[in-house]
Amino acid sequence: MRNLESEEHRETRGFGIDKLNFYTPNQYVDLVELARARCVDPDKYLIGIGQERMAVAPVDQDIVSMGANAAEPLLDDVTRASLGLLVLGTESGIDQSKAAALFVHQLLALPEGMRVMEIKEACYGATAGLMVALDFVRSHPDRRALVIASDIARYGLDTPGEVTQGAGAVAMIVSADPTVLAIEPGTVVASRSTYDFWRPNYSTVAFAQGKYSEEVYLAMFRDAWNRASQMGLTCPEGLAAQLFHIPFSKMGRKGLRTLQGMMTDDDYGRLANRFEDSIRYGRQVGNIYTGSLYLGLISLLENDSSLRPGDRMGLFSYGSGSEAELFFGKLCSGFQSELNSAGHRAMLEGRTKLCVEEYERVFNAGLVQDGSRQVLERSDFDAPHYLTGLDRHQRLYR
Ligand code: CAA
């Protein structure tokens, strides 16, 4: 076991992401088929939006079970015992009072003597959790933190946002002496109250002013990048990659394009090539809201074999409403050993394709709301955690 209290390691590697993993449900819709059903040219979805498939969450996979499924493979006994904090970021909360993180805490058999909470700020929630976790491990370098991003993106059938739905969770262990990505303390943050995307308490689907949301995203990225340049935090020749929050891949591409002309063609070409690897998984999964930036990080690391320890990257987190943060990290030596490329590809390739009618049925399937007992069928036998049903307004998991 590594000695987390080693001053030597802390000086050389800092604080950051030690391990990370993602989970997405085992069924999807093909967007060419969805385009045909909606009488839309498939190229609009494939090129104009930049997505190929969209994960569909069955009724027994909610943000709790997906989050626990993403985190389970990261936890051995030593890691479990060292955890002092669990933060779950989500826009798709299941309870107005009790934190979804507490259900996850129980499912993962985590120690009682730790802080457990849920954070909400649309797609920025997990980044807020990551920043809290970094502060936690800086002040408790002998402990670790677990950050989970888990969401089900729902806009409604036959709406402009439908093609940008998805479902999934990312889990990250944050520590001193990380193995994957050491995160630098210098970041650029911005907050503005906007109505670009929101979901009132009474609604199971999100509302968006789509074009306006794109404008706010791009304006906040541009401002963050300019401020980071002025502060000396970013210099293109030193950046191996720039990652984006990816609600759909075209959005990140538009963000990237704002950098064209602000750097040499070589530097832009490098960022553009790496961007393609960062969207590979997201194009198959869809928007997972607060986990999307970190799904992009996993996708890049698992699809680009040219990355090396010491490579520095920018990460742009955007949560509608709106909160933005641009931060930076350096790959650690040994980061390759923490990746699970084969497992993740098998998970994506092993999914079942739903026809549009089946997807609509799953979309409309609901949980009882009157306190009666409901027993759910298990949909994914490879996933250790799932919702078994409800009874007396309580969710029951296994
Ligand atoms: N071939 C190729 N491209 C085509 C095409 C075809 N046959 N037909 C249309 N297109 C292109 C359009 O030219 C357009 O491209 P540009 O964006 O480059 O102009 C693109 O496809 C989209 O088409 P529309 O302009 O007709 O847009 P739409 O009405 O279908 O809505 C959307 C698109 C606004 C993204 C909508 O899906 C939406 O509201 N999504 C939800 C909101 C969202 O994700 N916003 C992102 C920023 S907010 C955020 O990031 C937080 C979050 O996670 C929600």
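Quick reminder: no glycine exception, Cβ is built from N, Cα and C everywhere.
Annotated in TrEMBL:
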ACT_SITE  GLU91  active site, proton donor/acceptor
ACT_SITE  CYS123  active site, acyl-thioester intermediate
ACT_SITE  HIS245  active site, proton donor/acceptor
BINDING   ASP41, TYR155, LYS254, ASN287  (3S)-3-hydroxy-3-methylglutaryl-CoA binding site
DOMAIN    14-176  domain 'Hydroxymethylglutaryl-coenzyme A synthase N-terminal'
DOMAIN    273-365  domain 'Hydroxymethylglutaryl-coenzyme A synthase C-terminal'
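Applying DSSP to the domain 'Hydroxymethylglutaryl-coenzyme A synthase C-terminal' (273-365) sorts its residues as follows: 49 helix, 21 strand, 23 coil. Considering only the active-site residues GLU91, CYS123, HIS245, the residue whose Cα is spatially closest to the Cα of ASP41 ((3S)-3-hydroxy-3-methylglutaryl-CoA binding site) is HIS245. Cα of CYS123 (active site, acyl-thioester intermediate) to Cα of GLU91 (active site, proton donor/acceptor): a span of 7 Å.
Largest Cα to Cα distance within the recorded (3S)-3-hydroxy-3-methylglutaryl-CoA binders ASP41, TYR155, LYS254, ASN287: about 22 Å as a whole number.
Contacts of HIS245 (active site, proton donor/acceptor) defined by a Cβ separation under 8 A and a same-chain sequence distance of 6+ are given as CYS123, TYR217, MET251, GLY252, SER292, LEU293, GLY296, PHE316, SER317, TYR318, GLY319, in order along the sequence. Cα-Cα distance from LYS254 ((3S)-3-hydroxy-3-methylglutaryl-CoA binding site) to GLU91 (active site, proton donor/acceptor): 24 Å (rounded to the nearest whole number). Just so you know, of the recorded positions ASP41, CYS123, TYR155, ASN287, the Cβ with the fewest other Cβ atoms around it within 10 Å is the one at ASP41. Checked against ligand 1, the recorded positions ASP41, GLU91, CYS123, LYS254 give ASP41, CYS123 in sequence order as having a Cβ less than 6 Å away from one of its atoms. DSSP assigns LYS254 ((3S)-3-hydroxy-3-methylglutaryl-CoA binding site) to a helix. Note on the recorded positions GLU91, LYS254: the fewest other CB atoms within 10 A surround the CB of LYS254.
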